[in-house]
């Protein structure tokens, strides 16, 4: 057994209260925020008190303001007296009561008593009870004319709407048996009213008939006189009408002209890419079927519909005039020509030929009619056929000659037509399943035909036409990329064909960018791995071949080079940098390959202006190859170049006089593989071309990196080499100008804002300083408001969480109580059941 808890006595409570009071009043616990200076008109932010006092004050302030607003949100706990005239001091109390009573009765009458049929309130009309008045059984006659609607006599109106006063009047002259005047009964009054209304109606109808008869008579008289007056007054009337007509102004004339202008016809709706692809495939399939029939020797009839000539008087009703047509007369070459029933009969021929020739012409007239058809418009048909042929030649690049009829073709012509059809390119192609299929499809065709084959293959296998076409065209991009590499590896390389294939690669890349990027990534990664393997084994690697250079160029054309990081162009730029650093220059072919890589590097960084140190080092090394005296240089070269050695004089001229016969030419891409230079003069000319290309690249780099902070430090070695060591004076004038531009001191001067650090400048005028002060104050207040809003949001969030937790705790408590009460009831029920069982 433990000790019983010690009871707290009064002394302990007093001691605890005293200790807390001492801590509260302890001056060492008070926090004081001192301020250096007292400034008038400025609110002091410093406070004196215990730690956490300012925070507790802010919380208490929010509880008094924000929390109360939150709790009273969407609640109305005020009683507002909305009785009529309650706040109107000008109305008397009696008037307020009457108005309220009338409004209350009106409200109840409109709502409650709308459908109440047991209303006991007596209804009156003109001061008389409606229940006492007799019902009016007579209705107004519905046979009245339209002119009589709404017209009521005074007596009828008074009898029906006068409150019944007229019905009670006593009439003069009517006396009863005793001689006293008596009032007419209601039935008598109604009969009199009916008689009067019928009489008035009959009179109005008679007047209307008389006026109609007079009008007809007047019209007949006027028609008989009008004929006599027409020929006399017509000219004068016309003149009067012309004088009375106002002259049209420019605006009215323009409006009338616009009314007669041709209106725009509705255009055809835009077709979706799927519809365009489907129509293109159907067109190619139809052309292929025609070509196959011509190959088999079948005659393909021209089924193109020509536009029939229609005259201006044609009603377009299908009517054809049967009968002898009149002969047409024409004058040609000094003779009269008469065209009669499709046969041309000249005057001289009639005299010489006689009846025999005329009989032959008549017998052959029907055949000529059938053959010629619409002879007068044959020139239009020929023009349409020629225009259609030109359009088809532009679209497909070929010319198809289609015969018109079977009778015009002989056996030799059919054979020639079949041979021509065999020589044509097919119009439909299946997508190649492997690289060998693509190679067999394109091999033996010129570059233009290869592009047509690829275009037709894409049209026949569009992704929207079948499910598997997308995968087929994605594979086609990889096959085509491999085919381009093979074309570049041939000797000599087929660069013109590659140039035309890039268009097809671009179209496939736009359709499938992800597949194109993966295929190009695979090519670059494989080449980079091969270079790394060679470097690990030999320590040096050869420059990339022409196919790889072509791939790098295609990468720059198909994918963006200005991105900070791109899955294709970034590895390509790293590959270029690695080649410029790790591949040694051993021959003029290597110099050419390196300069091509430098051109590609400039193209890659032209938009992003990304600094490429490998590019600058390689250009410096190329210029170093042209320096004769390498003993004392004010610069140093980095690998893959050497300061001295056998291959450090590759660009040194063997004869300085060779520069006089040099003309500037671009370096051929085929020189990266094989370079055939038979004489020393050709070798010197090639060296000068390489130096010229290097200087052009330096000018591009100078304009590209001019804004860099370390511009002068980067180009200082190149400037020293050009100005002191390179024999520019022995070079042609064009190279001397280029060298002077690159090595000029103006290029080394950095931009004035390149190294100047940005400093905050204050306003010079009073208005500028006031504006800056207001901007600073605005920013400060804005930040303070944001800070307070965040604190208020956190405070409300805590309160909402506390409410939720309180509701949850209350619910748990009630659930616990319910379970406890249920358990108690269950125990009592079981105990009661046990008692009953024990009794039994």
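Note that Cβ sites are derived from N, Cα and C of the backbone, with glycine treated the same way.
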Segment assigned the feature region 'Disordered' in TrEMBL (from 36-87, 88-139, 140-191): 140-191
Region 'Disordered' range according to TrEMBL, out of 238-259, 260-281, 282-303: 260-281
Composition by DSSP (helix, strand, coil) of residues within the region 'Disordered' (196-215): 20 helix, 0 strand, 0 coil
Secondary structure content of the region 'Disordered' (260-281), with strand meaning DSSP E or B: 10 helix, 0 strand, 12 coil
